[in-house]
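Read the structure below first, then the notes.
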Amino acid sequence: MPEMGALLLATQAMAAPGELLNLSLNASAVLPEGAVLLAMIATLLVDLAGEKVAARWVPPICYIGLGSALVLLALQWNAPLEPSFLGAFLADNLAVAFRAVIATSTLLSLLISWRYAEKSGTPVGEYAAILLAATLGAMLLCGATDLVSIFISLETLSVASYLLSGYMKRDARSSEAALKYLLVGSAAAAVFLYGASLLYGLSGSTSLEVIGVALQTSTTPIAALSLVFVLATVAFKIAAVPFHQWTPDVYEGSPTPVVAFLSVGSKAAGFALALRILVGCFGAFDDQWKLLFTVLAVLSMTLGNVVALAQTSMKRMLAYSSIGQAGFVMIGMVCGTEDGFAAMVLYMAAYLFMNLGAFACIILFSIRTGSDRISDYAGLYQKDPLITLGLSLCLLSLGGIPPMLGFFGKIYLFFAGWANHEYLLVVVGLITSVISIYYYISVIKMMVVKEPHEASDVVKNYPDVDWSLMGMQPLRVALIGCVGVTAIGGILSNPLFQWANEAVAETPLLQQAIALVGERGLG
């Protein structure tokens, strides 16, 4: 099969030079990213006018930019497929779905950031610009179909993430988190480059499509080695065991709004990359990479949820929880069926709201108390019923308790796994889900202790809520929105699953993989 970009140029050979350039670039495919880029530039320009001006104008600029990106993504849904930038980017439904998850995660992360930034003395303009840069890299990564565009997008996301992790310069934990993230991330980038060089040497091209065709006829040990290198990079981005060591320290030391974005936006980009490169390139090694992913999924679900039991920090507990959640999502990838891929997309959308809702509650609590310890939440319902209710619902959803949105997300994943005879993954998933429910409910039980004397000292001295302070209203909007979707979304899970199914059905890359699985099943 010829390369997409070359095929497009061949069919348009008689076009005028200007028209040919427009057709080969097809810049309309990246208009959502263009909106984010313009918002980032405008944010930097406004920041030059001073902190007071930035505090007033940066939030609406970010809202307009991200809102425009989401509208443009909606317009791209089911649009005719045309490769852009000579086949280096493809805005199929899969890319649109994951880019929408990332843009929404950034929007919600910004809503819960303003009060935190004001309280900690963080420059709003710089922070928002770096977060938008990370968003830009993550969104481009979802549609990248070329090794060069993948690496550029990956590094844009990574470098911005390093800066965000260490943005609290006066906090030693933040600097430590940034350094650890930088060192491990740089190693992962080097490993990916080495794997990419092997793929280029085997195929003579950087196009994923051409590489996939070349590997069909060249299942050499070098190709298998490149698979290991690429898989290691993907596992690092999604924080899968044993490439998870950076996650607890980075989550604990980084600013909480940054952790909220990394837990969803960066993870969504990682899974989009996994689908694009593993399914698109390594079809000839389908059994091998699925076996490796099965091992990673079992390890991630087990270690993530078991180690979370012993945590005393709320952010560190959610860090290990996110490792376990990555293992659940990997079940859909291992299945390789339409239901599996759709359940994977659905669960990422559900994880967006329930995880960011939990982080909104944690930020609201830490702003008032300065504490991150789980024990300090004891008796919180007496002083702050809103946080108690919101955090309880989000944690129950993360644990998979019906009728929350997270329950239906897990059920779809487990059904897809069982239908594809992935019994080990489903059984491990069910057992570790029960383990996760234990530590989630332990937090809830602590918050709703009945006797006033059992409340923590932090809660006893809990300050009154002042919603008139700068950044509090956006935080409340994000909190209520996330909790509302998490609680009510379970009832609306069928339309959400239809949306996820449509994302898979209209993506040729996934349909080819599904057909391959079907042929092997018949064989």
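All residue numbers here begin at 1 and follow the chain in the order shown.
Backbone N, Cα and C define each Cβ position, glycine as well.
Sequence annotations record features per position, and here Swiss-Prot assigns transmembrane segment to 29-49 (among others).
The annotation transmembrane segment is assigned in Swiss-Prot to 57-77 (among others) on the grounds of sequence analysis.
Taken from Swiss-Prot, the feature transmembrane segment covers 94-114 (among others).
Residues 4, 29-30, 32-33, 36-37, 39-40, 43, 62, 65-66, 69, 83, 85, 87-92, 94-95, 98-99, 102-103, 106, 158, 160-161, 164, 189, 192-193, 196, 199-200, 206-209, 211, 261, 265-266, 268-269, 272-273, 276-277, 280 of the same chain, all 6+ positions outside the transmembrane segment (132-152), place their C-beta atoms under 8 angstroms from a C-beta of that stretch. The transmembrane segment annotation in Swiss-Prot covers 132-152 (among others).
Annotation comment: Swiss-Prot describes 182-202 (among others) as transmembrane segment, evidence class sequence analysis.
Per Swiss-Prot, the feature transmembrane segment maps to 255-275 (among others); the stated evidence is sequence analysis. Counting residues 6+ beyond its ends, the transmembrane segment (255-275) has Cβ neighbours under 8 Å at 94-95, 98, 101-102, 105-106, 108-110, 112-113, 116-117, 120, 122, 131, 134-135, 137-139, 141-142, 144, 150, 154, 157, 161, 164-165, 167-168, 174, 234, 237-239, 315, 318-319, 322, 326, 329, 333, 341, 344, 348, 351-352, 355-356, 359-360, 362-363, 366, 509-510 in the same chain.
The annotation transmembrane segment is assigned in Swiss-Prot to 291-311 (among others) on the grounds of sequence analysis.
The feature transmembrane segment is assigned by Swiss-Prot to 317-337 (among others).
According to Swiss-Prot, the transmembrane segment annotation covers 345-365 (among others), on the basis of sequence analysis.
Taken from Swiss-Prot, the feature transmembrane segment applies to 389-409 (among others).
Swiss-Prot lists 424-444 (among others) with the feature transmembrane segment, giving sequence analysis as the kind of evidence. For the transmembrane segment (424-444), the residues of the chain that approach it from at least six positions outside its boundaries are 294, 297-298, 301-302, 304-306, 308-309, 311, 314, 317, 321, 324, 327-328, 331, 334, 374, 377, 391-392, 395-396, 398-401, 410, 413-414, 417-418, judged by C-beta separation under 8 angstroms.
Among residues of the same chain six or more beyond the transmembrane segment (477-497), those with a C-beta under 8 A of the stretch's C-beta atoms are 108, 111-112, 342-343, 346, 349-350, 353-354, 356-357, 360-361, 364, 386, 389-390, 393-394, 397, 402-409, 412. Look at Swiss-Prot and you will find 477-497 (among others) tagged as transmembrane segment, backed by sequence analysis.
As a quick check, the transmembrane segment (94-114) and the transmembrane segment (345-365) clear the bar of 3 or more Cβ pairs under 8 A, pairs 6 or more apart, so the two touch. Same-chain residues lying 6 or more positions outside the transmembrane segment (345-365) and placing a CB less than 8 Å from one of its CB atoms are 94, 97-98, 101, 104-105, 108-109, 112, 115-116, 256-257, 259-260, 263-264, 267-268, 271, 314-315, 318, 322, 325, 328-329, 332, 371-372, 377, 380, 384, 387, 390-391, 393-395, 397-398, 404-406, 408-410, 412-413, 475, 478-479, 481-483, 485-486, 489, 493, 496-497, 499-500, 503-504.
Simply put, out of 29-49, 57-77, 182-202, 317-337, 389-409, 317-337 has the most Cβ pairs sitting under 8 Å from the transmembrane segment (291-311).
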